Every structure is written in structure tokens, then in C-alpha cells.
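Listed in Swiss-Prot:
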type   : residues  : note
REPEAT : 3-41      : repeat 'HEAT 1'
REPEAT : 159-198   : repeat 'HEAT 2'
REPEAT : 344-382   : repeat 'HEAT 3'
REPEAT : 385-423   : repeat 'HEAT 4'
REPEAT : 1048-1086 : repeat 'HEAT 5'
REPEAT : 1358-1396 : repeat 'HEAT 6'
REPEAT : 1605-1641 : repeat 'HEAT 7'
Amino acid sequence: MTESSMKKLASTLLDAITDKDPLVQEQVCSALCSLGEARPVETLRACEEYLRQHDKLAHPYRAAVLRAMERVLSSRASELDKDTASTIILLASSEMTKTKDLVWDWQQAASGVLVAVGRQFISKVMEELLRRLHPGTLPHCAVLHTLASLSVANAFGVVPFLPSVLSSLLPVLGVAKQDTVRVAFCSALQRFSEGALEYLANLDRAPDPTVRKDAFATDIFSAYDVLFHQWLQSREAKLRLAVVEALGPMSHLLPSERLEEQLPKLLPGILALYKKHAETFYLSKSLGQILEAAVSVGSRTLETQLDALLAALHSQICVPVESSSPLVMSNQKEVLRCFTVLACSSPDRLLAFLLPRLDTSNERTRVGTLQVVRHVINSAAAQMEDKKPFILSSMRLPLLDTNSKVKRAVVQVISAMAHHGYLEQPGGEAMIEYIVQQCALPPEQEPEKPGPGSKDPKADSVRAISVRTLYLVSTTVDRMSHVLWPYLLQFLTPVRFTGALTPLCRSLVHLAQKRQEAGADAFLIQYDAHASLPSPYAVTGRLLVVSSSPYLGDGRGAAALRLLSVLHPNIHPLLGQHWETTVPLLLGYLDEHTEETLPQEEWEEKLLMFLRDTLAIISDNAWICQLSLELCRQLPCYDEAPQEKNFLYKCIGTTLGAASSKEVVRKHLQELLETARYQEEAEREGLACCFGICAISHLEDTLAQLEDFVRSEVFRKSIGILNIFKDRSENEVEKVKSALILCYGHVAARAPRELVLAKVESDILRNICQHFSTKVLGIKVETKDPALKLCLVQSVCMVSRAICSSTQAGSFHFTRKAELVAQMMEFIRAEPPDSLRTPIRKKAMLTCTYLVSVEPALDEQARADVIHGCLHSIMALLPEPKEEDGGCQKSLYLETLHALEDLLTSLLQRNMTPQGLQIMIEHLSPWIKSPRGHERARALGLSALLLRYFLEHLRVSALVPFHNLGLLIGLFSPRCADLWPATRQEAVDCVYSLLYLQLGYEGFSRDYRDDVAERLLSLKDGLVHPDPAILFHTCHSVGQIIAKRLPPDQLISLLLTMFEALGDPEKNCSRAATVMINCLLQERGGVLQEKVPEIVSVLRSKLQEAQGEHVLPAAQHSVYLLATQHCAAVVSSLLGSPLPLDSHTCMLWRALAVEPRLAAQVLGLLLEKMSRDVPFKESRAFLLGRTPDRVATLLPLSATCALFEVMSTPAAGPAVLELYPQLFVVLLLRVSCTVGVQLPRNLQAQERRGASPALATRNLEPCSSAVDTLRSMLLRSGSEDVVQRMDLEGGWELLRTSAGHEEGATRLARAMAEHAGPRLPLVLKTLACTHSSAYENQRVTTTAFLAELLNSNVANDLMLLDSLLESLAARQKDTCASVRRLVLRGLANLASGCPDKVRTHGPQLLTAMIGGLDDGDNPHSPVALEAMLGLARLVHLVESWDLRSGLLHVAIRIRPFFDSEKMEFRTASIRLFGHLNKVCHGDCEDVFLDQVVGGLAPLLLHLQDPQATVASACRFALRMCGPNLACEELSAAFQKHLQEGRALHFGEFLNTTCKHLMHHFPDLLGRLLTTCLFYFKSSWENVRAAAPLFTGFLVLHSEPRQQPQVDLDQLIAALQILLKDPAPEVRTRAAEALGRLVKLA
């Protein structure tokens, strides 16, 4: 590149520096930097010249050029010659000082240039800067800034000049009056001092190692004098901060005696500024530097300033941190650093100041002080070593503070103490207890808002930090092990530490394991030496009980069990082996569940089994008694945890059951009865469970103790008449009685069965009844307390169940049975019949269920009362509650219903005869006929249950008639059509059971399965659907089954019952009765022959009435008989029915399809009527020039509707199959010629008004009607798969519309080929006569249909290929372009359907396709597009010699389409180009290779095409082009980057491609660049942006020898135009390309 070209390139970029888009401007700067990387001197000179010549250029753009120069200089300054460096230094100096005003961006950029040059030419830069320092005159602020920056960037180069600089600056310090100038001086002095300190700290690398601090001390002190005594007094806060920042590093350079002399003024001066400045970080940082300097010189003055320093610093640390800004947080760190300096120099004075402040009640003061204490404990450990006792004693008051912030700070201090040995001192245990207390804080008391800087609210909570601290201290601080063990054990049992159990257990487990590793002696606890520790019994009970709620407290169950397992040597020496086996099983069970999935009862039973096994292994009565005593003592601890207290009662019962001492057992039982909190329901239940478990081993003692308690003074006081009204409330007495009644119930339920029967009536029930009713003044008073009632019912239920489950139940005579049943029924009747609030009626019915099974049997009236009372109590309840109404309510409802079912089956079991069954059904009959659906559903469900039970337990000893079969079937069968689905299902089950009962009474075995009866089960699915047609069809089938299995003698009773059902208030059931009556008449009407005419007549007359649907089958039958004699007349008369057809007419049409022969005759007549008339008539209603409207003719339309109705009947199937080809072709042509056809005006008006309820709801629109009929024909002919495929693909909807009709015909052909292939030969034969149809729509439809058939192999398999090709070839010259296009598509489909036949027909196919490329005058003809798509499919399959002759012509013909405005043409042409390349792999002629090379650039650029399909086609084409270019690297790059579905990083890919292109095809540079120039003018922004990017990469990878191929001036000019493109992205890429052109040097 000549110098003029380089200059032109730089000039072009510099002219673009004024672009308004910041990204473009940044890219221009980057391009300039690229030029500078290659040609730094020329680029820098061009920039210098540009700035010099454009003196009026605005300062933002001057700054941009200067920044570009700085970036070049930062890496290429070493390549500058002295003259260039001098020129740049002068330019930057001039730019920097051109204006005296502060223009920071511009002056900063110029300063940056000087600093960059100064790294290499420090002397020249310093010379220029010193030249700008005029004696007695204030320097420019930018000069000061540059000197400061140089001091940091090149300290070794600047520091030797410092004396000269300072000598020039110091005299004018006093002259500086403006605050901005003074700030600049302060910044410079700060940087000078920092540079000097760096120089002095690294003298071994310094150019002059003889430099000492004294060289600067005098000048620095002079500057200090001005800064401190004059400028620090300024009112400008920014200046004061700048002064303070400078004083910090300057203090290290002051002479020692001067620093000592100035400290009394300096320190108060700095401290005073704390009150004036909000941002105190710089003050604290500088103060820390001054303190370090003072300490380093051993200042004595510091001692006198200490009080003021501590007070000021303490006030800073106590300031609330309201912001999480870095400066605020950094200030805290700097203040603490100051405290560290003071702690190391004056520890006593520091503690004397800090510790008294811990006693203050002010939150900020206490938190800040604690923060400092923690810091000095960690940072000045050596100085604090002998101060530990004082620090510990000072924590007394902070430990009592309830403020959460103070608590957090205290916990952090204790953590620091633990690491440094404080907690081993006297008083350390108080700290540990404090941590445990904080671990026990309840979660609900945690602060909701996080502290400053906290991302997770929980992470900073007092409890969370305490838990972490306790665990870390226990596990990581070895010296704490002997302090915490076994001390932490004493926190396990107190209630106030319950919340800390989980962290306590985890820490204790870790400590215990460490002790075990140290040896048995170290692990075993000496309880004599640790009197405050809980006993082994207390620990065992506590840990076992809290494990019953294992997921509370962050999983305390698992933690407690692990601790219990680890402590086994300290619990009892025999437990080791057993606990090591069982505890892991319990832990594994917890791991398998969550809090939501854990079955609580099962878990508690596992724990109780663990306890029982443990007691059995110990087998020491004294130990067991001691454990029971401890468990009883712990009862008050769980008053606020009812579930755990309930479990504790169970543990007590289990432990007492294992005890052998009767005295201990009775004593503890007495104490439990006396101390129980009877007002709590959970406690009453727990107490009862305890007595029940204890009774397993001590029945006599348990009952005796209950008797003793009743006779005791405590109990008698509670029930005395005076106490009822005075001392105690009646409610309290009822609670005590409830508990006692429950105790007796649980004793009966748990005690051994062989012992309990003898006690039931004499002891247990006597006491239960005695406690339930009380006599006052000789009068029996019944309780009103529902809780007491429920306890009575529960206990009686448990007693009854115990009797029933006993092996001696059969011989047991229960004398109080009738009394108890009456009592239960009284409770049931007392419950509200419309709501279910308590489980009383459920429990009472369950009790009755058990009582019914016990001797003696109930009399008939009592049985009836029980059944009637329970049904009335349950059946009228509102429907089953939904889940959202409450899971408990739904559960109670279901359980109550199950209790009723169990009771009824128990009663039926006592009378297993047809009469007994009928009695039960008679009780249910009113509910079966109830007008309320939920009552019918329940009644049918219960009936089905009873019938199933009766059938399962049927025992027939002799053949007897089931005399009430017809009556019962007549009651249930109409319910198969009930509005409630559940009722319908249950009705079928009832009929099913009744039929099998009849078979049983006929002598068939119980395992016999009747085929007819079994069909009922398969019909149940049909009853799920609410569709009446399906429902009544199922009812008809049920009627057929009944008719086949009903004995002749039962027919009359059944019919009579059915006729009664016609008046059923539930209309659906009435209709079902009609359906079943008709079925019975058809199947069994022989015995009622004289009644048939009358019945048919009645049903036909009902058809004319509004509610005559139930007689419709009879009317249909009549029409059928008429049609068998006069088919043509019936068809003609029905076709005259007005459109749209009403529902009665539709049903009559369907009746004609009952018999296949008649159906075929009817279909033939309808086809004839449809084909006879024209499908539509054209009408010009308004404007003469308007396209005429097409209006459907009535006769074909009526015939179409009739065809649909006839074929919608299943019986029409054989007739439809017989006429399949004719029906399919006629209906397909009907569809094609009705697209866009309108209804006659009168029918349109009816459609707008809406059909009446009696009219069919089917769409009458001509095309939709034809499509529906075609679909119905396919369904009826067995082509369901075709219909399903069309449904899934939306084919039917496409057929209905003008825009989608062609695609709909295509999809129909595809579905036919796939699922109805054998039908096609006859269909095509019928279609043959339609090729020359006068209707264009019909030609398009048939061509689309035929074209798609070639897409399937069915054409070849059925030997239809030749005929299809001939049919399509004949249409190549059709006047309709759509037909010609579809012909090409069909020919191309041969590639998919019969690929092996393509070679045979190759010339014919290629000729047609190539001819299609030139179809018509329109270059963008859809026929041409179809030809390209077809060629892409065929080229791989034809013979290569057939393709060669047209290959070049095709490539040339499709090339213009690459840049077509139409996306479809771009996609098709590019993809075809890829296929042509694929075919030519390894055998590419030169003329075609030239086309490949010519297409390379367009393909690469269109990868950025706005249309994704075009970009995808380019990916494919490039992958195919790769092998033809004979460059493995390029081909590999195409394969790697351009795979489908892989994200393309276009820049990276283009860079790689250009590298390979230029390496292997260097001669293509000019040609490729010329193509790029063409795309500079592309209408697509992305492509226009890709072109200069492509250009830049080509140039980047080119070699200098390729320069002759490039017209650089033309390229620069074109890119210069792009720099003015409206799209920022294009301008950015153009600038980037210009930066790359430097490569052509």
C-alpha cells in the first residue's frame, strides 16, 4: 500500500469519527487502532494531522481520536522515533491545555496520550510538562493530573524529577484560589507521595538507589503546611476530602520531628472532619495511614490524643450502616484497621475505653463496641492474651440484652472467644448457655427484614447464626471439646431449650464420637462428678418422645435418635448391639418419607416397638420403674405439645406394661388419673391409650385402679351435687367422665381377648354406663355433652369389636345388646339429617354393626327401626363434599357411608332369602325413586352392594323360583339412563347381580359365567357418556340381555313394572323404560302378538308430539316396512322435505339403512339424483362487472344431506362398501365444485335466524355438507384410518376453503394411499372420465389427488404408475396454471413414491421440469418454483448422462433467483443449487465449477438472510459445494459450522472460511470482492452488513502479492459510502472492514 492509500484509509476513518451512534464511533476507533497496530507511525501522524487541520472539530470527537491514539501508543510506543514522539507530545500537550476551562473528557484523553508516551519517553514528556509550569503562574489542571498519573504509571521515571516539579509547584500553592485547582494540586501531591513511597519501598529496582526520604521531606512539609493550615479550612467538602486523602501518604514522608510536632494539630483536625462529611471512608483511610506513620516513629504525642481518637473512631463504628455501598462498608474496615493499630500500641487504654461501653443500654453503642471487641480479639490476639478475664466479665450485661442486633453481635464475639481460648476461662459456660438459648429461639420470632448487605434473611437471623456457631465450635475448635462435653447434655431436658434440640443433638453426636475415638474412659459420663446433668432415664425419655414428631425443629427426630444411639453405653451396657441395628432402620424410614407423607401412627408404633424391645433386653425391673417415674415427671413439659404428650402417655403405658411391680404400676396409674388435664381432648385420648396399653399385661390392676379412682375422694368431689353447681362446672365433670369411659374402651380393645369377655358386662360396661348417666335426687339425667356422647360410642364400639373378635363370641350371650342398640339409634336420630358435623353417627352405626352380629338376634321390628333410622339419617345428607371444601369433611362423609354399608350387609346376613332381600330393597325403594339425584345415587349404590353381597353368600339347597325377579329388574333397569352417571353404573350392576341370582336359583354353580349376562359389564362404559344416543343404545342392549335371560313367567310382571316407570319423574328413566319395552317386544313379542299393532300405532302417533321420542323406534320400523315395497317413492318424497332437515326426518332417513339391500338401493337413487342436476347456478345480483355469485341448486344439496343421514347409520356399511368407488368420486367432485358456492337466499335467511330445536344442527353450507358426507362415507366404509389421518392433519377444514382446498385434496390422497390402497384401482377407474371436466375446480382437485398418489409406493404396488403418469402428462398443457403446477409436483413425487422408477422415466421427467423453469412470461411463475422444487428431489435419482446436458442451463437459469425478493424462490433455488453440487461430487465439469465459485459469495452472505429458511438452504448448499472446491479444510469448516440445528457464530465462521479461501484460492480475491461490492447495495440490512464483514476478512487473510487483484480506491470509496448507511450495524461493519484494509501494505 502506498503512503497515499494509507493516508486515504486513515482519513476515511477519521472522517467517520463524528458518527452519532456510539457503537459505530467505537468501531471507527477500533479500526484506527487496527491501522495503528500495523502502521503505528503513519496512523499516529494521520491522527495528528487530522486534529491539526480540523481545528473546529468538536471536543467529543477530538477526545475519541485521542483515545484511539492512546490505545495505539499503549502497545506500540516503543516503535516511535523521537521526532514522532515529540510531535505527539506537543499535540497532546496542546490539546490538553487548549482551553483553560475544564473539559474533562477531552483533557483526560490528551492526558492519557501523554501518560502512554511517558512510559517510553519520560524525559521528553516531563520536559514538555515542566515547560508548561511557569514560575509564579498556576499550572493547568490537566497538567497536574498528568503529572499525578505519570507518578503512578512510571514511578521510577518520575520520582527523580519530583524535586524540580515540587520546586515549581510549591511557590504557587498560595496563589491557587479556585477549588478545582486546589483539588488538582491535592491529587497530584497524593500521587507524588504514593509514587515516592513505592520508589523508596523498591530501591533495589530503582534507577537511583541513593534516593532517601529526606530528599522530599522539606518540600512535602511545605506543601503539608499549606494544605493543612489553609486549604483544610475550606468550606468546599470536595476540597477538604482531597486534602485529607493527600495528607495520609504525605504523613509518611514528613520528617519525624515535624510529624511529632504536627500530630496534636493534625489528628484533631482530621477527627473534626467526621462531623462535616457523610462519606467518611477517605477520612478513615487517611487517619489509618497517619496513625501507622505515628506508630512507626514511636510517637509519644499519640498517647495524649488517644481519648479523642477512640471516641471519634467509636462513634464511627457505632453509626448504623444504612447503605450497602462499597464506600460505607470500606469505611467500617478502615475504622477497624485504626483500632487494630491502637490495640497493638495501647491495649490497656483501648480496653479501658471499650469495656465500660458494653454496659450501656444504647443499641448502636453496644453493637459497635461488640464489633470492635470481636475485631481486636482476632487481630491483636497476643496483646489480648492476659486481658481475657476482664473481657469475659464485661459481657455480663450484653448477655441480657434482648435486641436482635445486639444478640447477633454477642454471638459473633463468643465465636471469636471460642477460637482464642476465652471459653475455657471461668465464666465461659455462661457464654455457651447463651449460644444454646439463641438456638432455641422460635422461628416465628425471627426478624422478617434482612440486615444490610444480607441476601438471605434467614442467613443473618440470630437463631441461624447461633446454630452455625454452636456446630462450628463443636466440630472445628479442638480445644472446646473438653469444655462442651458432657456440659451440653444438661440442655437436653429443660423445656426452654426445646427449640435448640436439633443443633444440640448434632453437636453432642460429634463430641461423643470424638470421645469414643479417644477411648471408653473418656466417653463414659461420671454422673457423680456432674450433678447437673440429666439422668440416663431422663435423656432416654426426652429423646424418644421428641422423636415422635421427627420433622419439627429442622429434623430433630433423626438428630435425637442418632444421639440416643451414640449414648447407649451411658444409657445401659446391654443396649449397644440392639440399638446399632434398629436405630439405622428407624433413620432409614425417616429418609424414605417427608413431613407430608409420614404415616404418624405407623411411626409411633415403630418407636413403641423400639421401646418395648429395649425394655425386654434390659429386663431390669428397678431400671424400668425408674424410667417410668422419669417419664411421668416429664408430662408437664409437654403441655404445649399435645401430640408429643399423647405419645409420652403411650410410652408410659408401654413402660408400665413391662414393669413387674404391681404396686409401682398402680401408684403411677393413680397419679396419672389425679394429675391429668381432662379439659384437653388429646390428653384424654393419651391417658386412655396409656391404660389400654398397660392393660395388655396388667388387666386386673388397671380395672381395679379405675374403680379405686372412682371411689376416691378426688373423683367423688367432682361429681357431688353441690360441686356440680358450685365448686366445679358441669363441663369439667363431663370431661373426667369422658376420659374414664375412653379408658374402659381402650382397656377392652387392648386387653387379651380370653380375659376381657368375663369383664365386659360385670365391670367394663357397667362402669361405662354409670359414668354416662348420672342420678340427681334420684332422677336419671342424660348428658348433652357431644364429647361425652362420642366417647361413649367409641368405647361401646371398642367393646363390641372386642366381643366379636373373640374366639368365644359364638357362645357369648350379650344381655345388654338391645339396650345398647336402642341407645345408639337414639344418638343417630338426634343428629341433624341435612348435615354431617361429628363422627357420632358413623361410630354409632359401626357399633350397631358389631352388635347385630352378637347373640341374641334382634326382633323384626327392631331390625326395621335400625334400617329405617339409619337410612333417614344418611340418605338425605347433601352430596359428597369436594376436596376444596375440606379433606377432613370428605373423609368423614366416606367413612360414615362405609359404616352404613357394613351395617346393612350385617343385617342382610341374618336373613339370606329372597324375601329378606326384598325387604331390604323395599326400604331403599323410596330413595331409589327420589327426585334428588344424590339420594338416588346413594340408594342405587347401597342396592348394588346388597345384591353383590347376597350373590356372593348365596346358598341354594333346593331348586326354588326367584319369584320377585321381574319386580326387582323392573325397579332397577330404567335407572340405566339416570342423569347421574354413578346411578347408571350401579343400575347395571344391580341387573347383573339379579340375573346371576336367577341362574343360582336355577341350579348353576357360583363360578359359572354366562356369556349373555357378562355382556352387561362391557356395556357399562357406554353409560359413562352423557350423549343420549349412546346412552339409550346401551339401554337397548341391556334390554336385549334381560329379554334373553328372563324366565317366561316373569315377563308380565316385568312389563307391568316397566309401564309404571313411564311416569317416572326422571324423564331419562322414562325414556329408558320405553327403549327396553320396545326391545322386549322385539325379542319376546311372540306371546303378546295381538298387542303389537296397537303398540306400534300408539308409538307412531307419539312421534308427532313434542315429547314422543320414546316411540321413535316404532315409527322408524314402519318407514322401513314401507320402503321395502316403495323405495323410489319414499326417497322422492323425503327429498322433498324442506332444508335444513328436521330431526324426525333425519331419523327416518337413517331408518332406511337398517337392511343392507335396501340401503344399497337408496344410495344408488341418491347418487343418481345428485349427478343429474348442475351443482350450482351463477347469478349477477348487483354490479354487472362483478364476478358472478355461485348459488347451490337444491336437489343435489338435499341428496347430499340425505346421503349423510343414511350413511351415518352403522347398518349402511355393507351398502357403502358395495358402492365405494362411485360414492367416493361423486362426493369428491361434489366437494370440489361447491368450494365458494353459496346457499340459496331463503336458506341463508334461515341459517341467520338459527334453526329451531326440531332441526338438525349440522352445517348446511354446500361445501361443508359435502365434506361431512364424504367423511361419513369413509367412516361407514371401514376407512376410519383415512378419516383419523385427515382429522389429525386438519384436512377436512382445508377442503372447505378456497385457499386450502388443493392441500386438502393432497392430504386426502395421501391418507387414501396409506390406509385404503386396495380401493384405489376402482376409484381411479371411476375418476378417468372426469379428466376433461368442464369445471376447472374439478380438474385441479383431481390433478392434486393424482399427483399425491405418486408420492406413495402404492402407485407401483398396485400397478397404477403408467396410467398415473399418462394422466398427468396429458395435463401438461392445461390452460390452468395450477393444473400445470400440480402436474410437475406429481412427476416430482415419483422420487418419493417410486424412486427406482425415476431412472426409467428420467428424460421425460427432466424435460418436464426444465420446461417448467421457462413456463409463461412471468419470471416468478409458481410453475417455475414447483419445477425447482421438483428438480431438487429428482436430480439424485436420474442417470448422470441425462442430467449433464441440462446441468449448466439449470444452474444459469436459477442463479438470478438467489437474490429474488420472494423468500420461496430464494430458498428453492439455493437448495436446488446445493443438490446439483451434491450430484456432481468428484465429477464436476469446469463450466459448472465456475458456477459453484460464482455462487460462493452469495451463499455465504445469504447465511445472514432475514428468512430462516433461506439461511438454512444456504447452509445445505455450502455443505454440498465444499467437496467440489477440492479443499479439504474449507469443506471441513463447512461441515463443522453449518450443521442444521447448530448455532452459527457468523463472524467466526466467515473468518475461518476466508482464511481457507485466501490460502487455497488466492486468485479469487478480486472476484469475491467484486461480488461483495454488489451486495453493498442489498435491500436486506443483515446481508448489507455481512458484505463489508466478508470484505474485511478476505483482506485480513490476503497476502501483499494479491494486491494487484484489488482496486483499493474503489473499495475504500464503496466502504466510505457504507459509512453513511442508515443502519448502524452496516456502518459498524464498514468501519471494521476499513480497519482490515491495512493488510494490503
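Including glycine, each Cβ sits where the backbone N, Cα and C put it.
Counted over residue pairs separated by six or more positions, the repeat 'HEAT 7' (1605-1641) shares at least 3 Cβ pairs under 8 angstroms with the repeat 'HEAT 1' (3-41), which defines the two as touching. Within its own chain, the repeat 'HEAT 1' (3-41) is flanked in space by residues 47, 50, 57-58, 61, 64-65, 67-69, 71-73, 75-76, 79-81, 84, 1608-1609, 1612, 1615-1616, 1619, 1624, 1627-1628, 1631-1632, 1634-1639, 1641, which lie at least six positions past its ends and keep a Cβ under 8 Å from the stretch. In the predicted model, residues of the repeat 'HEAT 5' (1048-1086) average a pLDDT of 71.
The DSSP breakdown of the repeat 'HEAT 4' (385-423), given as helix, strand and coil counts, is 30 helix, 0 strand, 9 coil. With helix defined as DSSP H, G or I and strand as E or B, the repeat 'HEAT 7' (1605-1641) counts 28 helix, 0 strand, 9 coil. Mapped onto DSSP helix, strand and coil, the repeat 'HEAT 6' (1358-1396) counts 28 helix, 0 strand, 11 coil. Counting residues of the repeat 'HEAT 3' (344-382) by DSSP class, helix then strand then coil, yields 34 helix, 0 strand, 5 coil.
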